[in-house]
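Novice: According to TrEMBL, the record shows the following:
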COMPBIAS  1-11  compositional bias 'Polar residues'
DOMAIN    100-261  domain 'Yip1'
REGION    1-70  region 'Disordered'
TRANSMEM  114-138  transmembrane segment
TRANSMEM  158-178  transmembrane segment
TRANSMEM  190-208  transmembrane segment
TRANSMEM  214-233  transmembrane segment
TRANSMEM  245-266  transmembrane segment
Amino acid sequence: MSEPSYTSLPTSHLPGSVPAVITEERASTMQQDPEANMQIFPPNSGGGGRGYQTLTSPSDENGPPPGTNWNGAFSVSSYAQYFNVDTDDVVNRLTSSLYPTGDFFRKIEANPDLYGLIWISTTLVFVIASFGNCATYLMSRKTDSSISWSFDVSYFQVSAMAVYGYAFIVPLGFYLLLQYFGSRVGLVQFWCMWGYSLFIFIISSLLLVIPVDFLRWTITLITGVASAAFVGLNLKSHVELNDLTIVLVAACVLQFALAIFIKSWFFH
């Protein structure tokens, strides 16, 4: 007498059982297009998919396109890639900002950073505010030692608004302008370049403490010309437009105007 076989018993209704076959309809819903699920932020030409990524569910097929999802823009982790630089990278970029050769965008093309923008801007705020007070003290003692002097805290407020506003708004303005004219440029690359262009102002602010007005104006003019040349040459080599005259002149004038403003307001 043969033993009964249990292999033909249905098991799909039993608790804990796993179906052996997945229907084609259900399998198709598990497949997603990776290109449709990637969103790049901030705008970066040639970034190669840099930015945060958002995954969509099958129920979102009829919803808004991925380009309108801005949830990752408010996540700190989304910007971690733009601070992925070491000391050698920062030193190399700081050195390049002092020697305007027009190849800065090529050096940061693979890894533009926002570390330099924030670090240099914050340092410049405290340097021009503190050394500006020291400069006014030395000038007051030079002219009349009997005049009372007090530390002007408003220097920090003015320097913060001026430096942060310039470092973030000016590159954004040029980015939008060049986008309007059809040039493919990257916002992060612009922020990076303009941020490092401010490094020379830190050095000049240290020298502006010298209580000699003629020497101060000489340092200011050299700083303005050097920073304007750095921005102008790099824009000329990076931006793909037939006529850049107006853009280059505007960028150079703004850099030079910043040097004049720092001298006139904090080291008068």
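Note: Cβ is positioned from N, Cα and C throughout, glycine not excepted.
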Novice: Hey, which bits of the same chain come close to the transmembrane segment (214-233), Cβ under 8 Å, at least six residues off its ends?
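Specialist: The answer is 97-98, 100-102, 104, 193-194, 197-198, 200-201, 203-204, 207-208, 248, 251-253, 255-256, 258-260, 262-263, 267.
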Novice: Across the domain 'Yip1' (100-261), what does the pLDDT come to on average, as a whole number?
Specialist: 90
